[in-house]
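Here the structure comes first, spelled out in structure tokens, and everything after it is commentary.
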Amino acid sequence: MLDQKLIRENPTSVEENLSLRGKVYNISHIHELTVKKKDIDIKISSLQSESKKLSKLIGQEISKSKNNDSPELISLKKKGNEYRIKISELEEKQRILDKEVDDEIYNLPNFPSKNAPIGKDENDNIQVKTWGNPLKDENLKSHWEIGESLNIFDSVKSTKISKSRFVTLIGNGARLERALINFMLDMHTKNGYLELMPPALVNSESLKGSGQLPKFSNESFKCSNDDLWLSPTAEVPLTAFHRNELIDPKQLPIKYVAYSPCFRREAGSYGKDTKGLIRLHQFNKVELYWFCDPTKSLEAHKKITSDAENIFKKLNLPYRIVDICTGDLGFSSSRTFDLEVWLPSSKCYREISSCSNCLDFQARRSSIRSKIDKKNIYLHTLNGSGLAIGRTMAAILENGQQTDGSVKIPDALVPYFGSNFLKNA
């Protein structure tokens, strides 16, 4: 959430910063609302101060007067009652204005970082690094073809169970999924992350705090009888884990890692990636999440990206890092590095992790602060996939495919999978 004070005092700067996203944001209405809200806040504070002074006068008058019905006391009490009525009326106006401001401000995205490349869409993203040697062979199979030949997942029967864009992992497919989850969790916990296993169902306030609501309500699955949603990413419950808290600065930085199932409608993706493991309604992911001192978030962003990179290197998967331009940034992000893995069958890199610095955007929405230099300030939050499991499996199947139809398991994963090769059972 953007700072209301900044919107109220410098609306032009706010519009200029938001315009870097490639859209026009007219905040004149919300600016007007924040000015009215501040005016009412001042009036309420002034009346409350006067009311306290009046209460003291009434107390003094009662103590020195034997007659509780004296004209002076009656006049003071009448004035006190007028104050209470006026304060109550203003507080009701304040409540209505608060809701109007929230309805507007919660739909405004984060400011893009000054270091993010200026651009309109994904075509303006900048490649900043590549690693590994991408396989380039016309005869290489897609991961869904490999999966079908090895009988490790089934999409057809999953459609019968649920609908399209679901998959059932079978035998060695389920085994490989478990191996990847445990491998990634072990890697990250050894690197100083504390593992959490959060709920898969989250309430609206949690989604609002991380930035999914209200803007992206059509992209998530909602329970019909409760204020609960299937979590689209562990970023949501990890943000909410410290909602409305004042965190001891001695605890910073807080680094969490969490495995969770993720659920997304994938609205707007009709016809894209209809086969395989790339774009599903349900998928597993290992998420990295930081809470840190605002002065340390730039370095933290480099570190969380490096921690995600480490998984690619250990699995020997060719990848690249892309600096996301201002027009392609996620709603809550100020700066994002996408980590994309090479998929030989597609002859391109595909996003498998987004490492984002959200500055104080999520912490402000979730009221997560720390007392630093004697001031209560909003912390900075960072998140990154470490990694998406299904897409990692797809990359292993394609990059590790052998001429005999088997798949070579990366050396670092062998202790978890229990075999050097994935073969048809």
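From the backbone N, Cα and C atoms, a Cβ is placed for every residue, glycine too.
Long-range Cβ contacts of Thr233 (L-serine binding site) within its own chain (separation 6+, distance under 8 Å): Ser260, Cys262, Lys285, Glu287. The L-serine binding site annotation in Swiss-Prot covers Thr233, Ala234, Glu235, Glu287, Ser385.
Taken residue by residue with DSSP, Ile352 (ATP binding site) is part of a strand. According to Swiss-Prot, the ATP binding site annotation covers Arg264, Arg265, Glu266, Glu351, Ile352, Ser353, Ser354, on the basis of sequence analysis.
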Ser354 (ATP binding site): which of the binding-site residues Ala234, Glu235, Ser385 is the nearest Cα neighbour?
Ser385
Rounded to the nearest Å, what's the C-alpha distance separating Arg265 (ATP binding site) and Ser385 (L-serine binding site)? Just drop the number here, would you?
19
Count the other Cβ atoms sitting within 10 Å of the Cβ of Glu351 (ATP binding site), across every protein chain shown.
16
Long-range same-chain neighbours of Ala234 (L-serine binding site), Cβ under 8 Å, sequence gap at least 6?
Pro198, Ala258, Tyr259, Ser260, Cys262, Lys285, Glu287, Tyr289
Quick check: in three-state DSSP terms, what is Glu235 (L-serine binding site)?
helix
